[in-house]
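All remarks here apply to the structure that follows.
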Ligand code: GLN
């Protein structure tokens, strides 16, 4: 509780206090997440070594053959093998965070990760905010359409149509650069799997993605084909935040050079590019069996984050709920402001703010659990405050008067007479709020929190079986919420009668 209040104060201090920090939120923070050099000017000079350190590396969810999950759910691919081999050679360890491409870049900007390897193209724009390694793979953008599409023969056929591209990617930049000329609309999605699914289902006519990835997918039989030439450009590089972790970048370059020299880099490429494995086979029950362990882990996180957040939401709700009915105008004002702020702003804004915003302003990374719990607890706390206020106010005022006339003080009358009755009235709404919160917790996937829907995305991003995986997830949510409701109603009957 103390920690939450302290963090709350920190947030408000940031919001209403130091305008200096707000004025330059994009300036690279000078504090390093790990023990690197804190002097940005010395970035070019390697003063420490990466040896013995552990680095958090952000990556895309799926960008096969560069990063994807194998059948056992492990992140694999060229990028993954490359960073692990270099880590081993250079004596550091890595912790991979599969966040999605755009989220990985945001996490790098906010120092939530130390580096990004995600088939990330080295561009002049990006060089302004990140430091890149030597290039390790030639790439560029290409367009792909559904295999059975005979209408689209080139960019000219795109007039009036919608195409998809990945948020924040080079494919998106390229598609947007020619959109006006050819008269099409660009819709941005976060994942390769959903982009391809969009095209196959006819929601979009084409996808703009990197050609090595399209070629790999097409060879795997993902149902797409290409009809236009590739647009050359953009080699892939490993990135760190500008001026941060120079020793990691140096170690990467050194390891890469060694691997190129002794042929192990070529062997790594051959391993993935020679014979793309078709991963999309198997019956529904195979899929269920394979995905259940990861989904159960996700469900565990969903329940845990919901449970913890609900406790904090109740505490906040009780405090602010009572403040709302207080005689004191200042307390009422504070409570009303709290409720208005958190009820009047989307949950996702706060998730991004706590996870990406705060670290960018303060230079201090925020744990994903802290960000997740703060987001859910503050949002729900506002609703619980209103439930508490409503519950207390709906107890007949005569009850309080009667208690007082029997000689009980205000506090005792509230505690013994009003609150127990109010609690009974509030219970159904509180159960409702708990269920809403459980469902809302799925939004935390946007910051890479490994809850149930996030795990599902990771799975269909790898095997492209979007519909089936979503059906499984919906059933799991339904059962979980059904059981939770039964349990809550049982407790309600037992203790509130
Ligand atoms: N190479 C592209 C880019 O850097 C796409 C990367 C990706 O989707 N993972 O923008």
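Keep in mind that glycine also has a Cβ here, set from the backbone N, Cα and C atoms.
These numbers come from a predicted model, not from an experiment.
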What range among 260-277, 278-295, 368-385 does TrEMBL describe as transmembrane segment? 368-385
The transmembrane segment (368-385) versus listed stretches 303-322, 334-356, 430-449, 469-488: most Cβ pairs under 8 Å: 303-322
Is the transmembrane segment (303-322) packed against any residues at least 6 beyond its ends, judged by a Cβ distance under 8 Å, and which are they? 1, 4, 334-335, 338-339, 369, 372-373, 376-389, 391-392, 430, 433-434, 437-438, 441, 444, 449, 451, 480
Could you give the residue numbers and ranges of same-chain residues that sit at least 6 residues beyond the transmembrane segment (430-449) on either side and whose C-beta is under 8 angstroms from one of its C-beta atoms? 97-100, 103, 107, 301-303, 305-306, 309-310, 313-314, 347-348, 351-352, 355-356, 368-369, 371-372, 375-376, 379-380, 383-384, 387, 457, 477, 480-481, 484-485, 488-489, 492
Distant-in-sequence neighbours of the transmembrane segment (469-488), which means Cβ under 8 A and at least six residues beyond its ends: 287-288, 291, 295, 299, 302-303, 431, 434-435, 438-439, 452-453, 456, 459-460, 463
